[in-house]
Structures are given as C-alpha cells and as structure tokens.
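Each remark here refers to the structure printed beneath this line.
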Amino acid sequence: ESEWRRFAEQYLDSPSDSSLDKTRKIHIDYICDFTFDDGRLENIYLIDKKNLLRNKVKVIQQFEQTGSHANRYDVTILVNGLPLVQIELKKRGVAIREAFNQIHRYSKESFNSDNSLFKYLQLFVISNGTDTRYFASTTKRDKNSFDFTMNWAKSDNTLIKDLKDFTATFFQKHTLLNVLFNYSVFDSSQTLLVMRPYQIAATERILWKINSSFKAKNWSKPESGGFIWHTTGSGKTLT
C-alpha cells in the first residue's frame, strides 16, 4: 500500500501535474523507474507500446465526479485503468455541437480538477446518433475549434457517421489503441494531434508498401516505391 501511494503521488497522479503533463506521460514518459521498498529498481510501463493488444481496455458508464462541480459522464474508456477516451452522447435530433460544448464544460469544471485521473484523457467522441465525431483532448474551445472534430471513414473515404457503425469499427480494440498510440502525435508545441481517417489510411498503405517490398526484396525497383497525394491544408506534414 505504501508503495502504491508513493507511486501515485510521485508519478501517476502528482499534484503538480497538468493535463499536458499527463499527455506527455502517455506519449513520451510512459516508463517510470520505480524503487520498491526493498530497494529493487524496476520499470513500470503505463502503456505497452510494443504489443498494443496486451493493454487492457474497459468501459464504464455514468461515472460521477464529486467536488465543487459534480458531473456525471456518459461513457468512459479505460486503458490499463486510466481514462483515456470520453464519450458524450446526445439524443437524435439534438445538435451535435451540444455534446461538443458539454465536453468543454466538463474540461473546465471537473476533468482538470485536483487529483483527477481524467487529466489523462486523450480523445473525445461525441454523437447524436446520426453524426459521430472524434477529436483530440487539446482542442481548445473557440469559434473554429468545432472544425477540428472528425468523422470516421472507410479507406475509400466513405464517411461512418451513424453511432452503431462508428462503434463497430472505431472502437475495435486494435483500431482504438492504434489511434491513441500510433496515430496521435504530441508535438513540440505541446499540442496533441490525432490523424484524420485518410491520413491513417495513407500511413498504413506506406507501411504496407515498405514491408511488402522488403519481404519481396524489391526495394531497388520502381514498383517498390510510391507516393501519397495530399492537397494544401490536408495534413501532409503529420502524415
């Protein structure tokens, strides 16, 4: 118990940590050198980045956070016990922007309160049943920020907007973990960037081409290469 308390206070939930500090721990400083009471020094991994499917994923509903602003969150996805994805749902017919605004109200009132593990949130999903979108937790609320919410899509760019279809694809374990840990970048300006579906499709195609060319030993031939066509403002640098 004393070891757990020390681990939590010194690393996992340090009182001085901001939400950006938590994001850094997920993407950069996810290995903690921890000294146990008996003097053993071991590495504790928040996330298994080498074998994503070894990470444990659980779903909780209607979690209540108490304090000066008590809130009850719709659906939360935990990865290794940490809340990394928050889902806000509205009834059909309600503007999806209402869910977007509510997420930001939670961010202001309770997600970032003292001793809240919800500072670890990386990704938000909002839906009114017929329109479902995702966006990074560092997306700030301003007049243009809603433009940074994204629909999921198939590799041919067919949009997946219905909540049931979105859930059946985006929330598959390997897909969700890849989006969280391989297709999200915490950049030098301390902004978390999450790839759009076409960027993910392009990246996976690049990796497939490299791997297949290597296995076939065709890397010196023209057909072993390729290119990705991006228009201005479509995220060439991130891809």
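Here the Cβ of each residue, glycine as well, is placed from N, Cα and C on the backbone.
Quantities reported herein were computed from a predicted structural model and do not represent experimental measurements.
What TrEMBL lists as domain 'Restriction endonuclease type I HsdR N-terminal' is 3-142.
Taken from TrEMBL, the feature domain 'Helicase/UvrB N-terminal' applies to 194-239.
Taking H, G and I as helix, E and B as strand and the rest as coil, DSSP gives the domain 'Restriction endonuclease type I HsdR N-terminal' (3-142) the counts 42 helix, 46 strand, 52 coil. Per DSSP, the domain 'Helicase/UvrB N-terminal' (194-239) is made up of 23 helix, 1 strand, 22 coil.
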